[in-house]
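Only one structure is covered here, and it is reproduced in the block below.
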Amino acid sequence: MTESRLYCDANASDVLRPEARGAALEALACVGNPSSVHAEGRLARRQLEGAREIVASLLGVTTEGCVFTGGGTEANALAIHALGQDRRVLVGTTEHDAVRLARQDATPVPVLCDGTLDLDALEQALSNGPPALVCVMAANNETGVLHPLKAISALCRRHGARLHVDAVQAAGRMPFDLAQVDCDSAAISGHKMGGLKGAGAALFRGPFAVPGTFAAHVTGGGQERGRRGGTQALPAIASMAAALAAARAQDWSSIGQMRDGIDDAARKAGAVVAGSGAPRLANTTSLVLPGVAAQVQLMMLDLAGIAVSAGSACSSGKVSTSHVLEAMGFGAAAGQAIRVSLPWNAKPETASRLAEAYGAMAARLGKSPAGHSGVS
Amino acid sequence: MRILAAMSGGVDSSVVACLLKEQGHEVIGATLQLYDNGASAKAGACCAGRDIMDARAVADRIDIPHYVVDSEARFRDSVIGTFADAYARGETPVPCVACNQGVKFTDLLGMARDLGCDAMATGHYVRRLEGAAGPELHRPVDAARDQSWFLFATTRAQLDFLRFPLGEMPDKAAVRELAGKYGLAVAAKPDSQDICFVTDGSYAGIVEKLRPEIVGAGEIVDHDGRVVGHHEGVARYTVGQSKRLGDLHTQIGERQMVTAIDPSRRRIVVGPRAGAGVTTLALRDMNWLADPAAVARCTVQIRAREGVRSASVRADGTGAIVTLDEPATAAPGQACVLYDGTRVLGGGFIRRADSDEERLRA
């Protein structure tokens, strides 16, 4: 019981990176408001624009195309608002609620059983109807599955569609560049990369990078060149830029090996790894333990000192069936999966301890008669 | 011990969690989400959205892990659905018994076992006393809070695993005082009342929504099948009631009551209250908490809030036959719980009397 906690829920919020902490502390020492004209304000402005240069250059947009927000959800909402004003919206079925529910009239586009977007279905949807805005994620938050973004953007271009990419989980953890993907906008979130909570960015390429092409949700004092009112959260923004730079410099292959080790151990214990046939984000895996409610797995691992998560936890804390796994065709097993997402600083011991605890849990619960853990 | 505390967010179960923590146990809090947090939840009944927040606040205060368990689908099927089905059969169900039996003492208790707990505790007012032949279920010290009637279906295996720390409390004031001592914000929270999932005061509305085939007005008939009046829906009636019968009393010249309900023909059967009682009750789905062979004379309670009656009882397959010393009116679907003093010996659900079956078939 004296063993320390093991945090494996980085996709909910990653561990604060030292570089991000340093940048945040530096910004905390700065009293000024970036919009003020005095020396203190200019210092704050310099820090803000420094952060903007880092974020813009690492993600392949101009500084003009980088709009800081309060987080990933707001960044997605702003981009979908900007690009979708006069368009029908197509949304992948495994998208995060921040995207899936951003537009009530969105049309779902199915995924294949490995979790990648069904390109034939997308092409069909694009062919039937007026020009669209397509919204897909670079990497799925639950399974880590990567959508074939190049192929998707090619289809979008051919059909005159715009493309928005939710890069909240991908940014920092894999190469991601709007110019290379050839998308029109993207969203990122600071704390998913090891920065503070409370900052994100909507990134625009092409015509939408120009201020004045869309109205802000909140006008306020006209910050972010009229696209997002409200004083910028400088410490969170500075830490986001520092976290992104540090994450980009990291070699993720060792994290990927740890994740593969967890997958192997989980399979031996009777688990099915969702989306393992597709390319995935290095730190993420979704483990289905047939017949055992995700809720019980979560509680059991938490009591054993290990933090993981399940499908989607609503704000009440209730664990619901994963809409991602449902969309991938898992049926009832969609309520029997946990997500393991390794933090950037995971150690091989982290992975081995998790694998051990998972094996013990599966041995205790996985073999019990059907319905034993039958809380629906 | 590692103990799972079932926390509803009310004062009782909150105090239970605190007591256990104070006793040095490893306490795990769990709150069942029984229905959606939205419009359907009623404040003042257990497990509404605010109740989950309250339970979590208590858990935070005493620094124990707390989990919200999604039991919506199971509650809908095993409690609300069964409740409506019973009305559609002409019975008057006790949904709290079904909830304790299924969602709480089967599912949540199973989860507690899965988590390696040694026991599960609830805020029910009953006592679990160690007897010569294992744990026994007893009425609580505070008779005004007695919940033993609702817990008669607890099996021996469940009882073995369960703990009811409030059974020894002298009264509710003492519980609230403890809550105050522990600094709980829920100390002054009103008690939950009635059926938790009935949000607008109309259980009949829920029944009619789930079982639309029994909706609608129908005839009130006497024992000879003569139409003596009309009613607005069978789900609004319980065997033994004299309300909602219009001016039948004056029309017939003596006090009437419902003696049977026939949902398939949307008929309410009435008869004179005087002499309507029966002495024999057939029970189904008996749960025995004592050796049936050793139970002959006992007292029985046939309604939630009522005194006991003397009776003889004998087991009959999975059911039992109860012979009351004095005639009484009993509503099919309600529980008949057997007691020896404060001890619950067992209980079952009251079946429709054979004479009623014949009358309805006639």
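For all residues, glycine too, the Cβ spot is worked out from N, Cα and C.
TrEMBL has this to say about the protein:
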type     : residues         : note
DISULFID : B:Cys99-B:Cys196 : disulfide bond
ACT_SITE : B:Cys99          : active site, nucleophile
SITE     : B:His124         : site 'Interaction with tRNA'
ACT_SITE : B:Cys196         : active site, cysteine persulfide intermediate
DOMAIN   : B:217-271        : domain 'tRNA-specific 2-thiouridylase MnmA-like central'
DOMAIN   : B:279-350        : domain 'tRNA-specific 2-thiouridylase MnmA-like C-terminal'
SITE     : B:Gln334         : site 'Interaction with tRNA'
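Classification of B:Gln334 (site 'Interaction with tRNA') by DSSP places it in coil, neither helical nor stranded.
Using a 10 Å Cβ-Cβ cutoff, B:Cys99 (disulfide bond) registers 26 neighbours.
Note: the CA-CA distance between B:Cys196 (disulfide bond) and B:Gln334 (site 'Interaction with tRNA') rounds to 18 Å.
The two recorded residues B:His124 (site 'Interaction with tRNA') and B:Cys99 (disulfide bond) have their Cα atoms spaced 13 Å from each other. Within 10 Å of the Cβ of B:His124 (site 'Interaction with tRNA') there are 27 other Cβ atoms, across all protein chains. Taking only the Cα positions, the spacing between B:Cys99 (disulfide bond) and B:Gln334 (site 'Interaction with tRNA') is 14 angstrom. If you take the C-beta of B:Gln334 (site 'Interaction with tRNA') and look for same-chain residues 6 or more apart in sequence within under 8 angstroms, you find B:Thr92, B:Pro93, B:Val94, B:Ile302, B:Arg303, B:Phe349, B:Ile350.
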